[in-house]
Amino acid sequence: MNVNQSVPPVPPFGQPQPIYPGYHQSSYGGQSGSTAPAIPYGAYNGPVPGYQQTPPQGMSRAPPSSGAPPASTAQAPCGQAAYGQFGQGDVQNGPSSTVQMQRLPGSQPFGSPLAPVGNQPPVLQPYGPPPTSAQVATQLSGMQISGAVAPAPPSSGLGFGPPTSLASASGSFPNSGLYGSYPQGQAPPLSQAQGHPGIQTPQRSAPSQASSFTPPASGGPRLPSMTGPLLPGQSFGGPSVSQPNHVSSPPQALPPGTQMTGPLGPLPPMHSPQQPGYQPQQNGSFGPARGPQSNYGGPYPAAPTFGSQPGPPQPLPPKRLDPDAIPSPIQVIEDDRNNRGTEPFVTGVRGQVPPLVTTNFLVKDQGNASPRYIRCTSYNIPCTSDMAKQAQVPLAAVIKPLARLPPEEASPYVVDHGESGPLRCNRCKAYMCPFMQFIEGGRRFQCCFCSCINDVPPQYFQHLDHTGKRVDAYDRPELSLGSYEFLATVDYCKNNKFPSPPAFIFMIDVSYNAIRTGLVRLLCEELKSLLDFLPREGGAEESAIRVGFVTYNKVLHFYNVKSSLAQPQMMVVSDVADMFVPLLDGFLVNVNESRAVITSLLDQIPEMFADTRETETVFVPVIQAGMEALKAAECAGKLFLFHTSLPIAEAPGKLKNRDDRKLINTDKEKTLFQPQTGAYQTLAKECVAQGCCVDLFLFPNQYVDVATLSVVPQLTGGSVYKYASFQVENDQERFLSDLRRDVQKVVGFDAVMRVRTSTGIRAVDFFGAFYMSNTTDVELAGLDGDKTVTVEFKHDDRLNEESGALLQCALLYTSCAGQRRLRIHNLALNCCTQLADLYRNCETDTLINYMAKFAYRGVLNSPVKAVRDTLITQCAQILACYRKNCASPSSAGQLILPECMKLLPVYLNCVLKSDVLQPGAEVTTDDRAYVRQLVTSMDVTETNVFFYPRLLPLTKSPVESTTEPPAVRASEERLSNGDIYLLENGLNLFLWVGASVQQGVVQSLFSVSSFSQITSGLSVLPVLDNPLSKKVRGLIDSLRAQRSRYMKLTVVKQEDKMEMLFKHFLVEDKSLSGGASYVDFLCHMHKEIRQLLS
C-alpha cells in the first residue's frame, strides 16, 4: 500500500482529552480545554501512513517517485557552481546573484608553496532560464575582481554597489553586566486569556537538486566557485588551532600598497561526469531533494593573514572578501519560511527533515513524533560506525518531552489500559508503538527494537487486515501516532503507592539586602494574587497543589497557616547544622481554605523584618528544610528560592568569595565553573530521590558564586533566574513576569526518562538539567515544557538501510494533580551507505545545539582553549570529509560547503565567541556560569536565536503592516543611521536608534522632538496613540511572548556609551574579546580544511 494513497477512516475517538490549565494554556499541549474539544490527532486530518507488511510496520519508506532524482551527467555534481538559496531580495542580507569575490590565498600546510591555478572568471546570474555560454561570457566581461574599483554589474543582475569592509567593534561596555542590570520594560501580567505564548517553530525547506546553471524550483542563484593563488612571496602559515583565539587576534595587515594579483581559477565545466566512487543517491528524506552544495572559493581577503609575515611591498591594497558573497543566515531562514511555512509538516514519512525552527508551521502526527518534541542532528544515519567516524557528524537528538504546542495542535492522547497497564516488549521493555509488527493473525507481535516475539494479551487482541495491519490501528493512539500518554499503574509508583498531589514551598530571603531593595515587599504583594494561578488539571476548578512558606537569613522561620488559625504562627529553627521541620500540620495547606491566613502572613512578613540589620545568609539548610517538609508530607514538589547574597554564615554549604579573573585563559579557568564544595551535589542527589525540584531566583549586588548555587537547580531539573543589582523601579516587571510564568507552567514531578533505540545504535551520552544514578535513566525531580534533554548515539552494530533506525523516548512522571503517567515519543530515521545521503539530511540548528552543549560541559574539565580547538577541529573534519567524498573535483582554492550545512561556520563562530568560551573584560564570572547552565537545557529554537540574534529594522516596512519586519544580518554594516532596529536573543532586547533618524519618527516613538533628547538606557517606551508607537510596542510584546523568559528592553543611541553593549550581539563582526568576524572565520575554516585534505 502506497504511503500517500490510503484514505483515513472516520475518527472514532475525537472526544476531549484530559487537559491542564497552566501558564497561558490549559494543557501540556497548549490548547484551551475549557472552551473547545480536543483537536483530532493527525491521522484524521490527512493521508494516513501506509503501513506495509515488512517491519517496521509503522512507517514505510516513500515510493521512489518521492525521492530526489538520481544524479546524472546532466546534473551539477555536488560542489558544482549552481543556483542556491540566495534569492533576489534585500541586498543587505546577502547576494541575490552569483557574484564572485576575492578571498585570501588558500592555506599551505607547513608553508609549502601552492601552484597557481588557472583563470576562473566570475559569473553573475539572474533568475530565469539557464544562460547560454555566450551570455555567460558577456556577463563575465563586465566584472573584474582584483582591481581597486569594479565596474557596475550587467543589467541582467542586481545592481548593488561595491562591498564595504566589515566594521569591527571597539570601545568598552558599561559596567552594569551583560545579563543583569539594564532597565526593565513594562508588560501586563500574564493571564489565561493571553493564550499560547507565540511559539514559532519555523520550518526549513529542502532545496532542490538542480542541473548546472538551472534554477531550482525555489531559491535564488548559487554562488560560483572562486580560486586564486598566494600573494607573491607570501606563504599562508597561520597559528595552529591550539593557539588561544583561533583567529581571534586582530589580523595583521599587509604592508601599504600590497595588491592581490594573478589570474582567477578556471570556470567549472557546465556538465561534469560522475566522479568515481560517488554513487547517485536518492534523497534520503523522501521529500524535496537537498540540492548540491554551495561553493565559495577564490582568494581570501588579504587583511587576515593569521600570523604570517608580511610579504614584500606591493602596489594597491586588495579588496577583502565581500560579506554579501558568503552564506546568509537571514536568506536561508526566509527561503525556508517561504517554501515550508505554508503547508503542514506531516510526520508519516520516515527520515523526513523538518522545517527550520525559525519557520512557523503546523504538525500533523501520522506516526512519528513532532519536531517540537524531538529534533535530530541527522535524519539519515550512517549504516556503519566507520562511516560515522569518517564523517564526524555527531548523531544526537534534542528531546523536549513536555513541549508546549500551539493551540492548533492537539495534546498527546491519554490511553488507559486499566490494571493491566501499557503493553510492552518482554525483553527490552519498549512500549507498544506504530512500528511494532503483528504476526500470526494478530496473536503475537515482533518488537521493532529488539526483534523479540511477544504474545498479545487476550484483552488486547484484534484481527489483522489484508496488509497485516490491525483493523483497530486508527482507534488506538499507540498504534497510529508518534506521541501519546499511558496512565501508569501502581507498579510504576514509588513504594507501590499512588502519589499525592505535589506542593510548592516559597522560601524568601529576608536579610538586609532583600529588605533594602524592596524585593520582599514586592514579592509578598505579588504572591497574594499569583496563588490563584497555580497549575491545575483538566476541568478542575482549583489546583490540587498545596503551598507553604519559609523566610530565612542566618536562621529559618517556618509558618503555620492552618485555615483554623486567626493569625499565622512563626516557628524559628536556629540549629541550621541539623535541619528539621518544626511542624507538619498547617505547613502545607490548600490556598482557598487558608486564604485569609496566607494573606495576613504576606502582609506581615515585610513589616516583621523591616528593621533587620542581618546581612549574612545560609543556603543549603534552606533547601534541606524544604526537602524534609516534602518528605514528611510524602509528596513531590518544587521549592521557589529567592536569594540575594553569597551564603557566608556558619552552616553547611558555607561559601567563600573565589572570584578571580586572573584565572581566565589559564589551565585553572575550569575551576570557575566547578562547585566549591561537594555538599551541593550531595544535597541535589537527595532532592532528586524525594522528587524535590528547586527553582532559584538570584538578586545579587556582587559575586554570589552562581557556579555553586546553581548545582541544585541544575541537577533537580529546575531553573535559575538572575537579576543583577536588582532595583524595583527598573527590574520589577521582568522579575514578576518570570515568576508568574514559572509558577503557572505545568510541571511533571518525580520523573524518570529512558531512551530506547533499535539494534545497531545506543544512547551513550546525555546533556541537560537532570541527575543520572546509572548510565540509562535520566532522573528529574521536576521537568517543565521548556526543558530539553540532549542524547548522543553511537553505533554498536551495523544498521540496515531497509529497516532504518528507531528511537523511543519514555517519560514516567507525576502530573500536577498527582496522576502517574507515561509519555511516549517515537521517531523513525533512515540509514545510509553513502556519505552524500548523510550530508543531505543534516539539521544545522540541532547540530549547533549539540555542539554548544558539548562545549559548555567541556569547560568543567578542560581548559577553555582546548574546548574551542576541539570545536574548530570537528567542524573542519565534517566539512573536509564532505569535500573529499561528496564534492566534484575542483581546485583546492575553493571552499565547498554542503547545502544544508552552509551556515555551520557562521553559527559555530557565534558559539566560539560566546561569553562562556571567549569572555570580554566586562563579563563577570557569575554571568558566564549563569549562561553556561542556561544553554545546557535550551531547545533548538532558543539556541538558534541566542547565538545568532535577530535584528529587525522598524521603519523600512509600512507602518500599517501587521507582519514582523524582515530581519537583517547581525553586523554593524547592516545598520543605517537613519533607521531604528530591534535586536533580541531570547534574554536581551535592544532598541537601537540611528543618529540621523527622522524627527517625526523620534516624536512618534519617544515623544521628544530630537535625537539628542532621547534617554539612553530607557527601558519602557511611552504609550502614545499613533500607528508607529503601537506597532513597535506590539512587536516588542510579540517577541517577548515567543521566549521563555521576559526580555527587558534597553534603548541604545548611536555613538552612545551603551552602544558597545549592543554591538556585542552583532555576531558577524569581530568581537571586543578577540573573536573573529564571520568572513575571517570562514577563511580560517578553509585553511583548516585544506590542511586536513593535504
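Glycine is no exception: its Cβ is also placed from the backbone N, Cα and C atoms.
According to Swiss-Prot, the feature region 'Disordered' maps to 1-338.
Residues or ranges marked as compositional bias 'Pro residues' by Swiss-Prot: 8-19 (among others).
Annotated compositional bias 'Low complexity' per Swiss-Prot: 20-29 (among others), in sequence order.
Under the heading compositional bias 'Low complexity', Swiss-Prot lists 60-77 (among others).
Per Swiss-Prot, compositional bias 'Polar residues' is recorded for 90-101 (among others).
Annotation comment: Swiss-Prot describes 123-132 (among others) as compositional bias 'Pro residues'.
Here Swiss-Prot flags 133-144 (among others) as compositional bias 'Polar residues'.
Among the features that Swiss-Prot reports, compositional bias 'Polar residues' is placed at 165-175 (among others).
Marked as compositional bias 'Polar residues' by Swiss-Prot: 189-215 (among others).
The phosphothreonine annotation in Swiss-Prot covers Thr214.
Sequence annotations record features per position, and here Swiss-Prot assigns compositional bias 'Polar residues' to 240-251 (among others).
For 273-282 (among others), the entry in Swiss-Prot reads compositional bias 'Low complexity'.
Taken from Swiss-Prot, the feature region 'Zinc finger-like' applies to 425-450.
Cys428 (Zn(2+) binding site) has a Cβ environment of 17 other Cβ atoms inside 10 Å. In the three-state DSSP classification, Cys428 (Zn(2+) binding site) falls within coil. Per Swiss-Prot, Zn(2+) binding site is recorded for Cys425, Cys428, Cys447, Cys450, and the stated evidence type is a large-scale study or a structure entry.
If you look up Swiss-Prot, you'll see 962-1034 marked as repeat 'Gelsolin-like'.
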Cβ neighbour count (within 10 Å, all chains shown) around Cys447 (Zn(2+) binding site): 25
Other residues, Cβ within 8 Å of Cys425, Cys428, Cys447, Cys450 Cβ centroid (Zn(2+) site): Asn426, Arg427, Lys429, Ala430, Cys448, Phe449, Ser451, Cys452, Asn454
Other CB atoms within 10 A, centred on Cys450 (Zn(2+) binding site): 15
Structural state census, the repeat 'Gelsolin-like' (962-1034) (DSSP three-state): 22 helix, 12 strand, 39 coil
Mean per-residue pLDDT computed across the region 'Zinc finger-like' (425-450): 96
CB contacts for Cys425 (Zn(2+) binding site) [other CB atoms within 10 A, all chains]: 22
